[in-house]
């Protein structure tokens, strides 16, 4: 059924199709037409949390937490929403989302378009979802990079009571200078500030909410080693590898190869796996890794687990394969 739907959706503007698909999914969910499936197919522990299975939804699909219940019916072991910022912002000008079907890729330069953390919290409070929910946090575009920690701290404080875990997004290529936060001193200062705030919030709320950090695929081994050292030193709870790539050389002479933004899907597969493997080598099992990037079929998820990931996340693969990808991944991981 999805291949037919995809042909129709791919005839639409990519961003319009994105919203149409989510609205349609929500309608089908409200009508009770999504079959109830047991997602407890391969329980795993991640950052102290019990997941029913290790296949999660990556951040970016549901930026405001408007579709949590419907997405929760698709069999995921966990769902991550966002990226969310302290204040609402429109993101970058349209068009800002492009499909590259010849390469099973997607280019986006969305720019953290979202309705703000307060709206997201209200959406979560209305949700009936009782599974593992991650909230991915970022900084507003107007916030100077030297004040970025302030934005992350605001989001952390507001999200804390409503999240199963929180992801610190410092790797989107679509917010100016954001990736500079992945470097040594800047990374240490930011993560230490967040870990200190986490300790305070754990005391206030009487519960511990794990903190993960999401990194880019465009890192050399020295940078990966540096990041591994920092996350171990500050005792982060997890790390997500990886975000989208700014390297579009894999697209060759394709007309969209010159578009600004991050490239995801099949073209990021090898880069993401390279970072995952190097990261796993340098982490030494001190904290779990969530593998994301280029999972287009079930066996791709199994590859990431073999390379050192504890769990995986999908997004672009869903656009090309539909919800069947989740079952395909679970089947591959069960072998």
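Placed from the backbone N, Cα and C atoms, the Cβ positions cover glycine too.
Annotation note: residue 172 (active site, nucleophile) sits in a coil segment as assigned by DSSP. Cβ neighbour count for residue 172 (active site, nucleophile) (all protein chains, 10 Å cutoff from its Cβ): 25. Annotation source Swiss-Prot lists active site, nucleophile at 172.
Of all the Cβ atoms in the protein chains shown, 27 others lie within 10 Å of the Cβ of residue 169 (substrate binding site). The feature FMN binding site is assigned by Swiss-Prot to 59, 60, 61, 62, 63, 83, 136, 169, 214, 242, 265, 294, 315, 316, with sequence analysis given as support.
In the three-state DSSP scheme, residue 111 (substrate binding site) falls into the coil class. Cβ environment of residue 111 (substrate binding site): 89, 91, 92, 96, 141, 174, 175 lie under 8 Å away, each six or more residues apart in the same chain. The substrate binding site feature in Swiss-Prot is assigned to 63, 108, 109, 110, 111, 112, 169, 174, 243, 244; the stated evidence is sequence analysis.
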Neighbouring C-beta atoms (10 Å sphere around the C-beta of residue 109 (substrate binding site)): 21
Other same-chain residues whose Cβ falls within 8 Å of the Cβ centroid of 63, 108, 109, 110, 111, 112, 169, 174, 243, 244, the recorded substrate site, in sequence order: 60, 83, 91, 172, 173, 175, 261, 262
